[in-house]
Every structure is written in C-alpha cells, then in structure tokens.
Amino acid sequence: FFSRLSQSLFALFASSLAISLVFAIIPLCHNVVVLAVVLAVAGLAMGCIDTISNMQLVKIYQKDSAIFLQALHFFVGFGALLSPLIADPFLSDTNCILSNSTANASSNLPHIRKSLVPHHPGNLSHYDLPMKGMVVTRVSYAFWIMALINLPVPIAVFFLLYKEQMVPCFSSSSHPLLSADELAMETRPAEKDDLSTTVQKPHGAGGHDDLFSCCQSKNFRGASYAYFAVHVTGALVLFMTDGIVGEYSGFVYSYAVEEPLSVVHKVAGYLPSLFWGFITLGRLISIPVSYRMKPATMVFINVVGVLITFLLLLIFSYSVVFLFVGTASLGLFLSSTFPSMLAYTEDVLQYKGCATTVLVTGAGIGEMVLQLLVGSIIHDRGSYSFLVCGMIFGCLAFTFYLFLLFFHRMYPKPSSGIDDASPDKPAVTDDTGQYQR
C-alpha cells in the first residue's frame, strides 16, 4: 500500500503518532491482555515505519541509496542505545512493590536473580515477592519521556505533507518542500516538478492499479528463477544476521552470569549496551565507507567477520575479557549488514522497490524466530549452546550469501536501452514500483 509517496507519508504519520500514544498508554495498562494488545499495535507501527523508510530511500535515491540507508540505520542503533539510558534513572533498585513484611527484602534481590536459571527452579520458593502494597517504581516517567521525544516525528511528517500539498483540509500556496531533482539526484523533465508524480506516478486515474503492484501475477510472467532466488537468498541472509542481533543482545547477559564465566551481574549488564554501542559506531563508520566501497563487498566482510568472531568466542569461551572484545567485534560486523544488503539487492533488481519489503519482512521474522529458538535451546542444553547457535547461524548466513552471489551472476543484465555507463540514469522507467520485464 506504500508504493506512492502520499500513501507512504500518511502511513508514516499515523504510525509515528501511534507510537507516541502507545508509550503514553503503557504505564496505564493494569491487565496483561491489554498490555499485549497495546504492544502489538506498537510493533505494527514500527514495522510500517521500518518498511516505508527503507523502501522510500531506495526508490528516491536509487544508486545513491547505500549512503542514506547507512545513515538511517545509524539512527536506529543510536535510538536503541539511547533509550535504556533514558529509562535507567527511573528504574527502582529495590522491589517495585513493597509490603510491610518485605520492606527490607531488597537485599534478597541479587540472590533471586542468581536463582533465575533453568537448572535450579526450586530455589525461588524461598523468597516471597509481594504482589500488593505500595508501588515505589517511577518507570512510568521513562515511557512518558519517550512518548514526548517521539512526538516531533509525526509533527515533522505532517509538515512535509502540508508542504507537498497532500493534506486535503489545508491548502498551501507555497512550492513543494523538495523537488524531484534534489531528491533523485538525476535530471528530470521540467514539466514533472511535482514530487508525487515524478518519483511515483500513479498508474491509473484512481490509483488502484498500483496498490498491489508487487504481488500481481502479470508482473512475474517470464521472470527467471534467478529473479525469485535473489529475493529469497537476500531475505535469508538478513533472517540470519538480524536474528543474531536479536538473540545475542537478548541472551549475552544470561550467558555471562552463568558458569563457566560467572560474571558479576552489574558487569554483565554492560554487555548489551556495549553490543548496541558498537553497532551504532559501526553504522556511523559505514556512512563514509559506503561511499567508497560496494555494498556487496561490505556484506561479504560483515558475514565473514561474524563467522570468525563466533569461532573465536567458542575457542576463548572461558575468557571474560574476550567476551567483551568479541561482543564489540560482533556489533561492528553486524552493524552495516542490513543497509548494505538492502542496497546490494535493490541494485541487482534495478531498484524496483518491492524487494525492500521482502528483505525487511525476512529480517523481522528472523529477529523473532531465532530468539525463541535460542531461548528454548539454552533452557534445555545450557548456556554454552548460546555460542554454538550463533556459530551455526553465522555459517548459514555466509552460505546464503554465496548462493546470492551465484544467483546474481545468473540474473539477466539490464536492457541495452539504458545507459549503463551513467550512474545517474535511473534503472527503471516506470515509477509505479511494478516489476516489469
């Protein structure tokens, strides 16, 4: 539904506004079912934002999109690093709920945490956690602060809609905020100065023909198997790498505090922050690097680096120092995988747009599924399986990338009617986002 600019901006406005509303409502949820529904709405909104932002950058900037994708995902990592720091001052060091009998029970919390391992569930019966009493936590303020921080985003999107004269209730006499020449970095006909028609021109008068352009069967007629294979293998690489990001950030703390490392809880708590910090740093470094290096080369370095890092983590599994070094290294190598793979795959498919949706979906599914899988394996096999799973996922990511390179060689080159010598020439003449051959 986001193939046109107006649809994308309206969806972006609604999704970003929904996130602020959800964060404001979360502290008011006193029922787990209501909380689950609210979080589901937040996940849906974040998925829309992720898809729209990546897809529109690819469609607008095309061959120049790699740099902008790296910048986009730098801010994704920066937000993931910043939000825990905002929440930290409002987290309670004691029980969130205190009763008269357990007002002084805060000293038991480290022992309770130490007991929260799969192999010793019986130890929990020794501690009485109060469910009723005086609420002492101030974590609600963290959610409300995040809601306020996010509020300028829907305001900015609405301003862009207004300047592009896409808001029905308001009429603007000023020119559009951004011209097509400035956005696409290419020469556009003078008569097509409206962004909504130059970048994404509706296929029909009513605009209904292009709503499902990515999945219309007529667009796949005559497509070679390499066409579908590039989509699938690209999505599988991101399925594995984004899954590694999710499972490593989610379980590295649990791995560190258990034997044989037995890291102090407070020290182990720095590992996820270190991981996300180096992801953010890696994405910042990747912005200038992507200007000089091809996306395919960057993805190759990333997947090989992830594989080598997990191998060394397995070899030095008894070293606490190398766990921190390996966490930082893994963050660096995983940092630019998603934007580089997105730029590479869209370059192979000549920037038709819908491949972005496939890749974003594959990455999201991987981040969800692999966390569930690794969590269940750690529960049954112990903490060492955490690194073994990461090694297996890294090997699979490298294998799928080799398949992607193979299918890239099999994929037909662009038609001779397009001037391949000029990097500024658009690879696709149809702006509806449809796959055509």
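Placement of Cβ uses the backbone N, Cα and C atoms for every residue, glycine included.
TrEMBL annotations: computationally assigned, not manually curated.
Residues 225-245 are the range that TrEMBL records as transmembrane segment, among 15-35, 225-245. Here the transmembrane segment (322-344) has long-range neighbours at 54, 58, 65-66, 69-70, 72-73, 77, 234, 237-238, 241-242, 244-245, 248, 252, 256, 261, 263, 271, 274-283, 285-286, 289-290, 294-296, 298-299, 301-303, 305-306, 309-310, 312-313, 316, 356, 359, 363, meaning same-chain residues at least 6 beyond its ends whose C-beta is under 8 angstroms from one of its own. Same-chain residues lying 6 or more positions outside the transmembrane segment (225-245) and placing a CB less than 8 Å from one of its CB atoms are 279, 299, 302-303, 306, 330, 334, 337-338, 341, 344-345, 348-349, 355, 358-359, 361-367, 369-371, 390, 393-394, 396-397, 400-401, 403-404, 407-408, 410-412.
Each of 65-86, 141-162, 297-316, 356-378, 384-407 was scored by its Cβ pairs under 8 Å to the transmembrane segment (267-285), and the highest score goes to 65-86. The list of residues near the transmembrane segment (141-162) in space but at least 6 beyond its ends in sequence, with Cβ under 8 angstroms from a Cβ of it, reads 9-10, 12-13, 16-17, 19-21, 23-24, 26-27, 83, 86-87, 90-91, 170, 172, 177.
Remote same-chain partners of the transmembrane segment (356-378), defined as residues 6 or more beyond its termini with a Cβ less than 8 Å from a stretch Cβ, comprise 47, 50-51, 54-55, 58, 118, 214, 231, 234-236, 238-247, 250-251, 254-255, 338, 341-342, 345-346, 385-386, 389, 393. Away from its own ends, the transmembrane segment (297-316) comes close to residues 237, 241, 244, 286, 289-290, 322-323, 326, 329-330, 332-334, 336-337, 340-341, 344, 387-388, 390-391, 394-395, 397-398, 401 of its chain (Cβ-Cβ under 8 Å, at least six residues beyond either end).
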